[in-house]
Amino acid sequence: MSPGLRGAPAGPEVQERTILLSEPRAGMMQAFLFLVRLAGLLSLTSRFLVTSALQEGLPESVVEALLRPSHVSERLVGLQVRGSNFTLGNMPFLILSGTIHYFRVPRDYWKDSLLKLKACGFNTVTTHVPWNLHEPRRGQFHYSGNLDLIAFISLASEVDLWVILCVGPYIGSDLDLGGLPSWLLKDSHMKLRTTHKGFTAAVNRYFDDLIPKIRGFQFQEEGPIIAMQMENEYGSYNLDKRYMPYIKNALLSRGIKTMLMTADTGQGLLKGHTPTVFATLHMKSIRQKTYEHLSSAQGPGPVMMTVYTARSLDGWGTPRNTLDLHMLMESVREMLKLRFSLNFYMFHGGTNFGFTGGAAFPGHRLPMVTSYDYGALLTEDGGYTPEYLVFQEFFRPDAGVPSFQHQDHRPKDTYAPLAAGHFISLWDTLIHQDDEPVRSTGPLSMEQLSVNEGSGQSAGYILYETVITRGGVLNSDGHVKDRGQVFLDDKYIGVLDDTHQKLTLPSDHYKEFLTLRILVENQGRLASGTSMNQERKGLTGNIYLNGSPLRKFKIYSLEMQNKFIQRKLPNIWKPSFLHTVGPAFFLALLRVGSQPKDTFMSLQGWTKGVVFINGQNLGRYWNVGPQETLYVPGPWLKPGLNEIIVFEEFKSTLLIYFTNTSQLGY
């Protein structure tokens, strides 16, 4: 789910991004006129001019957005469609929602983000439930710590917000495999997001565990959940007409009473629509006919823009996306005049901690950066943006939203630079891995490995080792997914990936046998598209030397979740001195005072890798940009010494810097 409305250039491209409305049919909303005014649009980008342009005021209907959980005592009738409006508890209701992903925001800061959402004038929080994080191994479910969904829903209720829950099973959200567990791909015949027996069996088991946990938080049960979104943009996938009715019945049969929704782009609206399920729109590919299709599919009724955003994701090696604040606010003002309900994606984007981020394919594979800033109304670390303040000024004066004073933002700290004083080569850690290496005649993908109690490997790196007797041309034949470093007797040779599929290996006439190693990184599975079914990682097929397939592999699963990262090892670290070459782990110690604060880590001069602090995976770094710093949440630090482990693939400077501001590129 990555709809993008970026900084708008002049000319036809702006018009392509303009949301058009058709003339209403009988009973439809009055005057479907949603044409973003282009005159002066490009010059009015400052906050002052935008704010002054919005002083015309909101329609009276926006007062419907003031309905909050504490105001509703009658819970017999949930969210319904009546004429061209929503009602909730039989009272007129306008949904003003913002998306916060609990799994992308440190748990200690959930309440802060929710309070800021409410203070901005929103009445609802939308969140997605990532199946892959809650069931990382087949049959083993996790709902604790940063994955405590019930605690997040309870907090939303506590601060007087409604909840829209996107239960999937596929949620998109720019996650690895769109939030589906990678172990599904262990089945070579798997057809994701269809009624394929292997997929529905897994979904049924997941829903049997998830739905009873959330069932009691529905509106009708005195809870805050007013709607549930099933699947995500299925109209653009559309491989099985029986699938969406199956998901609907899977939810209803398990006791879901609240309104069910679908969410699709303009092009996918009709294909994704399911009878008796309310259809909502993603702000992508919307044309005049979109609203005609919406009316024909479900009759006259309210319009909800489930995904409204000003930006799209950032990928490694590409310029950072920017937003046009004036265009954003003009669109919101027009939507509210027409009584559209909307959800702002993202209100607080947070961080792709660990290896959670997926990949996109805008003509080429684009792995996502660690920050999920996404042009949200709060910064990655939860700070106010100029856009937040404009939204708040827009909603509050005329809608009557109670005034909230801005809390002082959480203080940041700039710790002194550190030197990584110790290191250990990746090769020296192999005997300390949790799992014994897998021996195989040919290559096996991550998903095919027997690790994790048969669920295979989900993320991280995987190392293939074999013995050859001579050099020559190494050909991956497109089977390296996604990026493989090649070593011959520990000497770096080069990289194999989608664009570089051949390398020349030198011969050594003084050695009878040479050890060939290929270290493959999973850079994130595609988050959308029918190609998700082929998103297995590692070596996904034969690799050839001089035309002959290599055989007799020793395969190491390097998921980076092992006891090495937790430092439950004998003292095998060596003084680094001037050793700066990877692949290796580098260790540094950060001393923190009695009150740890947020900070940002800069690895200027390092090349590419992953950072861990006190065992927590902060995410990936890469000197190709645009992201230059990693967010370090204060709650993940502790008073005293904190252990930082950096896995560097290529070359480092040993120095680690800290700053009190994020640097996400330009």
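Even glycines carry a Cβ here, placed using N, Cα and C.
According to TrEMBL, the feature domain 'Glycoside hydrolase 35 catalytic' maps to 86-394. The domain 'Beta-galactosidase 1-like first all-beta' feature in TrEMBL is assigned to 443-559. The domain 'Beta-galactosidase galactose-binding' annotation in TrEMBL covers 583-642.
Across the domain 'Beta-galactosidase 1-like first all-beta' (443-559), mean pLDDT in this model comes to 96.
Across the range of the domain 'Beta-galactosidase galactose-binding' (583-642), the DSSP-based residue counts are 3 helix, 34 strand, 23 coil. Helix, strand and coil counts under DSSP for the domain 'Beta-galactosidase 1-like first all-beta' (443-559) come to 8 helix, 52 strand, 57 coil.
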